[in-house]
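Report on the structure given below.
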């Protein structure tokens, strides 16, 4: 029998042998089950009323390393102002209580909890925490911060798992803890209106007294705020029954970055008057504004609640049990939670509690039903129990007979995060995966760490990993992969990322199911969203927060030299990534060879030989099947990537060709030459002559780029020429110095121009004016190229002094300066934002691959 006194589901076969298997009569009568399982009170599942930060004593006392130190490639955005004493005095003047302003110079000790996240992995350096008590005060705070360009991080209960609610640098923390009032509740409609700072458990307790429940339930309910739940679109344990917050939240009150107050606290379930504005804020993680209040539809409390805990021998049996539960329990099924056997072992080790079942199993499920009719619910539950036991789907199980027993069973699910962090920390991945491969991620990850020899279990303290475990919500395909560790370790991180995200992407899953992106995942969102979706999200962000002050993105710049490739003899003149995810790199040099490398391993995959002279420029088609190369041959070559054969040879220039580029579908190849002409070639026909020839240049065409319906060239005569193919017009801007490189912003509104006066200029295409200049590098003799990096956040360039430079695109300040290529001239650079990676090439004959770490 279970030590917690629940009803045992162990059944005997007809032979009389006491087994954990079925093929037998019903365990007990329907009437008996009804009398023992009638729970009149909804179970309260909070395992703590304080933030769950229980770690081993030796680990808890260890100071968390600053995020900026742990991730040296993360750079503070230089656009933001530094906090001054005058700023602090202003906030004191607009907030109603002295306790609403916590400043480091006045009381540094109180700041630690606001700077450090729940899992003790991230720690910021904020010097100021503000605790407004009204939406008007929040509005005044953001209005001032927006004007002063002071970065802001909104914070609720700080129970998030991805570092999204703590600062990285010196951002101001705006805590909603003082806005914690229930504003109204309508027991007819079930609509609750409350402040964002109300603790979830407090809201649930308030509703329970009125025979309702909050439609969200999760382990951190004793600490998390409802505003934070909405801001991260938390899922939790009740989603299977009541759906996501996108459906239950009826409206929000929010303050926009400029201080504007949006009062959209709808209390109606149907309102078809224009955009549903609340959806912009649900799951936005404080990036477009601060949620200060919510209105939410709350269901009535169930009169009949049943909780059962089962042991199973395989994940196939778990899936069968889930199918049976949906069929037999139907509308009363409110939770179906999966926990693997190792999670239960870790919880047992930490808490010393006896296991709920006599034997241990590879898998466990916890099922809850919630309904209004006891007899109806028990009939459904009995039918389910008969099937799963009779078909040998479950091996053993136990039913809670009262509320306290249900609470005890739930602790074996809700206490897992705390248990995993007991030894020092946890790498947590909250993901969505199709149910057929739901547990495969855990198995593959566990195998990966076993092979690396990093797992020491609970006893071997010389190894960082305690165990790889998994649990999750089967009802919404939400899996929690947790790697319990003694300390945060770079080896562990390299095994996990980006491998986990690549694994999920291949199966069309989501890298974030319910905790948001935060700091941990914000640079991996491309594994779940395509380029179009990302661009739309950027536009929304720019529309609401043009200054970028709200929970500002911290860009990881690829300043770590991950690999050096030496396969050329003599200078390397050009380098480029394949399109999209950058699966390969092409390089060309003075040795007349073109090499194709795997950027991850630095392995040479293919060499292309056809050029009789040096290779000066390369271009890859959007489908990555073909590429073009040009150089001293006076001809352009079109290659098949896979076969390494030339498909076409375009001849017509009278001198070496310095640059080439494809149009959007690679149907046209554009080349620019020392002969001062630009030629357009049809790649789909067999035409030998160019489609067009432009000869407006007065000297060598050194660089070119192709945009939407236009070609932009840079010339040694110091001029940029923009050929508008739709209008048949040519626009000329004078730089005044020989141009070495041109590149366009993603929105094609500005052009980046490098020239031999040692200056890189960002030029407005519409006006021809210089928007920003970037200096510090050396460029007076060689063709040194520049490029945009990290979604146009940075400008990166080589230099004749052997350094690689990066500048903030808006401020023009140099933020990265790294020595490379043995101090020799760095001529070429290419960036792949999807990989968070770049490559540089130099006259020393090497190619360097740069990554974020």
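Placed from the backbone N, Cα and C atoms, the Cβ positions cover glycine too.
Per TrEMBL, the features are:
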REGION    17-51  region 'Disordered'
COMPBIAS  27-51  compositional bias 'Polar residues'
DOMAIN    122-301  domain 'FAD-binding PCMH-type'
REPEAT    565-607  repeat 'WD'
REPEAT    608-649  repeat 'WD'
REPEAT    650-691  repeat 'WD'
REPEAT    826-853  repeat 'WD'
Beyond a gap of at least 6 residues from its ends, the CB atoms lying under 8 Å from the repeat 'WD' (608-649) belong to 573-580, 583-584, 586-596, 655-662, 664-666, 669, 671, 673, 681, 683
Same chain, outside the repeat 'WD' (650-691) by at least 6, Cβ under 8 Å from its Cβ: which residues?
613, 616-623, 626, 628-638, 697-706, 708, 711, 713, 715, 723, 783
Residue counts in helix (H, G, I), strand (E, B) and coil for the repeat 'WD' (650-691), per DSSP?
0 helix, 19 strand, 23 coil
If you run through the repeat 'WD' (826-853) with DSSP, how many residues end up as helix, strand and coil?
0 helix, 18 strand, 10 coil
In the repeat 'WD' (565-607), how many residues does DSSP put in helix, strand and coil?
0 helix, 21 strand, 22 coil
Take the repeat 'WD' (608-649) and count its residues per DSSP category (helix H/G/I, strand E/B, coil), listing them in that order.
0 helix, 25 strand, 17 coil
Average pLDDT across the repeat 'WD' (650-691), rounded to a whole number
96
